[in-house]
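Peer 1: Reproduced below are the annotations present in TrEMBL:
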ACT_SITE  Lys90  active site, proton donor/acceptor
DOMAIN    175-313  domain 'S-adenosyl-L-homocysteine hydrolase NAD binding'
BINDING   Gly205, Tyr206, Gly207, Asn208, Val209, Ala210  NAD(+) binding site
Amino acid sequence: MTLTINTMTDTLKDHPAFDGHETVIMAEDTDIGFKAFIAVHNTSRGQALGGCRYWSRYRNDDEAITDVLRLSRGMTYKNAVADLPLGGGKSVIIGTPGTRHPTAEMMQAVAKAVNAIYGQYVTAEDVGMSVDHMLIARGVTRHVAGLPIEIAGGHAMPDGLNPADYPHADPSPYTAYGTFQSVRAAVKHKMGRDDLTGLTVSVKGYGNVARTLCKYLADAGAVVTVSEIDDGRIAQAKEDGFAVLDKGVDIMAHKADIYAPCALGGDITPDSIDVLVSAGVKIVAGCANNQLAVIDRDSKLLTGKGILYAPDYVANAGGVIAVGMQHVWSDVPNAATFPTHDKTMMRVGNIYKTLLEIFARAETEGKTTAQVADEIARERFSVGKAGKVEVMAAAA
């Protein structure tokens, strides 16, 4: 394999999605059909942490570049609002058409690209990836998070813990739990209710996170309807007992109290907001990234239409909280910061409280929830590096 690395930071400064990114590179190996982009947005709080995404539907390089720039910025804000001592970054691999997962050679190549930026960026699991893919990358670079806890950092486990105490290597259950807490918080603020019994929820997408989220919602008494384009996932949703709309039917037009976007981002637009209003939607809270096509415009439109929006990078922060806690522990291991499953779930559960604070502040100050979330994030990452062990020990 012949991997070439090209720095693109300066050439992208006029790109509409560029936001003062510190480093952007393109990595390519034509022998194996590999092309990827890595973007480091901000490292003021620590290493830039963000997943590696494999996506075969990018139509051109610019779509992938736009995605990695937006996603890496989102990770800076997500990690800051979650109060993790980490910055924000992201990587995307332009997938082979018709495929959903990278080859082992591709994972080795992206790991070499991660090494090429000298520890600025720590990668992790994202769309199209699994723990097995991350283990392949770990064979090439140590800058990988979200691994089985007994592997992460190569450190011994604290004495007295059972295997059940270990957090999952797969971050998706934590993302789902955090998103569920975001729905609960939105319902509490908007409707004054502590329960979801009888509320209708339209869920777009049925991937790993959405599937677990749907189970949380159903167990809490909500009535869930799913929309999905993948035949295998449609079959899974039906097997799990959920109503599934026919392909081509717009789930945003389906009558519901809550709309949960859990697929790709950008589907909240002026036109789709009108559709949501007609469908009776009162809350938008889901696990997708970059849900708003244009953040300032669309968050103001949602607010003006009386729809409460749970900012996406707050709602879906559960996975990165789990991965971040593990990464901090593996970097400086000690018993006080060991991220057991219970500790991790407790920390992720704080998303509920965080969102209630955001909702209240937005209402009091006459701002959108997106504006308030961004303000909180900027307040945190503009301060500078946080003490890793102290921050995580306090969270435990």
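The backbone N, Cα and C atoms fix where each Cβ goes, glycine too.
Automated prediction, rather than curation, is the source of TrEMBL annotations.
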Peer 1: Calculate the distance in Å between the alpha carbons (Cα) of Ala210 (NAD(+) binding site) and the residue listed as 'active site, proton donor/acceptor', and round it to a whole number.
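Peer 2: So the alpha carbons of Ala210 (NAD(+) binding site) and the residue listed as 'active site, proton donor/acceptor' sit roughly 21 Å from each other.
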Peer 1: What is the average pLDDT across the domain 'S-adenosyl-L-homocysteine hydrolase NAD binding' (175-313)?
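Peer 2: Across the residues of the domain 'S-adenosyl-L-homocysteine hydrolase NAD binding' (175-313) the model's pLDDT averages 97 on the 0 to 100 scale.
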Peer 1: Once the chains shown are all counted, how many other Cβ atoms turn up within 10 Å of the Cβ of Asn208 (NAD(+) binding site)?
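Peer 2: That number is 19.
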Peer 1: Around the NAD(+) site formed by Gly205, Tyr206, Gly207, Asn208, Val209, Ala210, which additional residues qualify by having Cβ within 8 Å of the site's Cβ center?
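Peer 2: Sorted by sequence, the hits are Ser172, Arg211, Thr212, Leu213, Arg233, Cys262, Ala263, Cys287.
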Peer 1: When you measure from the Cβ of Gly207 (NAD(+) binding site), which residues in the chain that are at least 6 apart have a Cβ under 8 Å away?
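Peer 2: Sequence-distant Cβ neighbours: Val127, Ser172, Arg233, Cys262, Ala263.
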Peer 1: Can you break down the domain 'S-adenosyl-L-homocysteine hydrolase NAD binding' (175-313) into helix, strand and coil residue counts using DSSP?
Peer 2: 62 helix, 22 strand, 55 coil
Peer 1: Could you work out which of the recorded positions (Lys90, Gly205) has its C-beta surrounded by the smallest number of other C-beta atoms within 10 A?
Peer 2: Gly205
Peer 1: When you measure from the Cβ of Tyr206 (NAD(+) binding site), which residues in the chain that are at least 6 apart have a Cβ under 8 Å away?
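Peer 2: Same-chain residues close to Tyr206 (NAD(+) binding site) (Cβ under 8 Å, separated by 6 or more) are Cys214, Val226, Glu228, Asp230, Arg233, Ile234, Gln236, Ala237, Cys262.
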Peer 1: To the nearest whole angstrom, state the Cα distance for the pair Asn208 (NAD(+) binding site) and the residue listed as 'active site, proton donor/acceptor'.
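Peer 2: Asn208 (NAD(+) binding site) to the residue listed as 'active site, proton donor/acceptor', Cα-Cα distance: 20 Å.
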Peer 1: Give the residue from the binding-site residues Val209, Ala210 that has the most other Cβ atoms within 10 Å of its Cβ, counting over every protein chain displayed.
Peer 2: Ala210
Peer 1: Please report the DSSP secondary structure of the residue listed as 'active site, proton donor/acceptor', reduced to three states.
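Peer 2: Its secondary structure by DSSP: strand.
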